[in-house]
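Right, one structure below, let's go through it.
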Amino acid sequence: MLDVVVIGAGFSGLEAAYSAQQAGLSVAVVEARDRVGGKIWSAPLASGRGYADLGGAWINDSLQPRVWAYVQKFGLGVVKQRLEGRAVMQESQEKRFEFPFGVTPDFSPEEKKNLEYIRDHIQAESLKTGLPSAQVDNVSLDQYVRDLGALPKTAQMVNLWARVMHGLESTEESAAWFIDYCRRNKGLLAIRADDSTGGQHLRFQDGAQSIATEIAKLIGAGNIHLASPVASINDYGSHVGVITRTGKTFLARKCILSVPSTMYKELNITPALPQAVQEVTNNTILGDYNKAIVCYDKPWWREQGFNGYFASYLGPVILARDTSVDERKHYSLTCFVNGLPGRQWSKLPPHERRAVVLKQVAQIFKTDTKSEVFRPIEVFDQIWQHEEFSRGALAPVTALGHLTKYASVYGRPVGNVHFVGTEYSPEWKGYMEGALCSGELGARQVVEAIQRVPAAKL
Ligand SMILES: Cc1cc2nc3c(=O)[nH]c(=O)nc-3n(C[C@H](O)[C@H](O)[C@H](O)COP(=O)(O)OP(=O)(O)OC[C@H]3O[C@@H](n4cnc5c(N)ncnc54)[C@H](O)[C@@H]3O)c2cc1C
């Protein structure tokens, strides 16, 4: 019998397995997909010009120590997010404006003051510690800022934050969930920043998935079972049995479950999870968090003085960045097609999805049909809600009121089953760093639990 069976080979599952192994435990990782990395997936460009990161891409060297330690350990090349040039804001079909990157968009003085007031309020809230109150958990983010006096344009900007950060509308997540997310992630401004103070500072030259591939090598290919979706988990008290859809059975003293909580209800866990755990996990939702990555022969937007960043209230692309890796002659714009516009866009057939993205990019950069915009060399689009083993992104979001009501059970072990995943991380929740942090903590819990109880005799 194994010491630990880990379900899921995303960043949290791999880190949990590797940490447990480092502590001397025997492990098996059981993964549904035929690859490791979960929501980190780097697709090779047909042109050979590197990789397109269809999931997570950005990291920070000074603020995210775990992910950065792996970058150094594995000798991975990184590139700095390019910021030089003008950014664009699309307010409506008719109205767009260009602005120097990093300044508050050019609203009227009253609107600007209002936006800064709400932003500063949330930033101040997000630098506090502990959980926000149940009262704040029972109102949506949208209602919360309106109650604070947000003008329509400010409310629209807050909605853009919710779309960009979580793939949801600000009416769909609680104010407490949003503030707690900011608290765990060094504050609203650090989350939004694209320079060295924030979460979008660096990217990988050869794709973020290289970290997962390298950790998997450390764990050992023989200990990782790909293409093995878990069908059921049985906690027998003395040990756990995990059975896959392919008919394999794994017996272990402990199970670490790294699948996003929204999917626990499909895993046939016996005995059933306690009522409160079911209540909170059955009601978590995942956002519409999609990417369309448009690759070009040359970074034509730079020649026109743009840095490739744009944001839009209109959509379907709500935000885009230059994700080129010049060292690989890879020039791309990564377009986030999130929230409600993303939900609608994801229902279109592939050729229409690509057409609307290209048309919007052309509109944003004020180019015509003869422009380079319409001559991409490769286009990727990735809809995470369509993935059977992800069902959306960024991370599960608890229902209104549940974050505070179920804080004492959410993510806590139940019998021999321990839970990890970026959603539970005290630091950088929703990010690769958070997944690593949660995996490390989950492994520590299991090591301690195993040390407390002598091995069961089967
Ligand atoms: C579009 C997008 C952009 C992002 N941008 C960034 C970014 O720039 N920076 C950043 O740090 N983070 C980013 N993220 C978030 C980051 O990808 C996640 O926080 C992180 O990868 C989550 O890791 P995890 O281990 O918690 O979950 P997951 O990666 O979801 O891992 C869960 C694993 O469980 C497996 N699984 C599911 N069901 C089963 C089953 N029945 N049996 C066996 N295995 C199963 C899955 O296949 C998966 O491998 C982004 C994510 C997306 C989608």
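Glycine residues also receive a Cβ, built from the backbone N, Cα and C atoms like all the rest.
Just so you know, TrEMBL annotations never went through curation; they're auto-generated.
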### Additional site residue, S12, S19, S47, S408 [criterion: listed by TrEMBL with E31, A32, V230, E423 for FAD]
S12
## Note on the structure
Result for ligand 1 contact check over binding-site residues E31, A32, E423 with Cβ cutoff under 6 A is E31, A32
### Query
Hey, of the binding-site residues listed (A32, V230), which one tops the CB count within 10 A?
V230
### Message
Can you give me the Cα-Cα distance between E31 (FAD binding site) and F336 (substrate binding site) in Å, rounded to a whole number?
### Response
27
### Message
On the three-state reduction of DSSP, what should I expect for E31 (FAD binding site)?
### Response
coil
### Task
Give the three-state DSSP assignment (helix, strand or coil) for E423 (FAD binding site).
helix
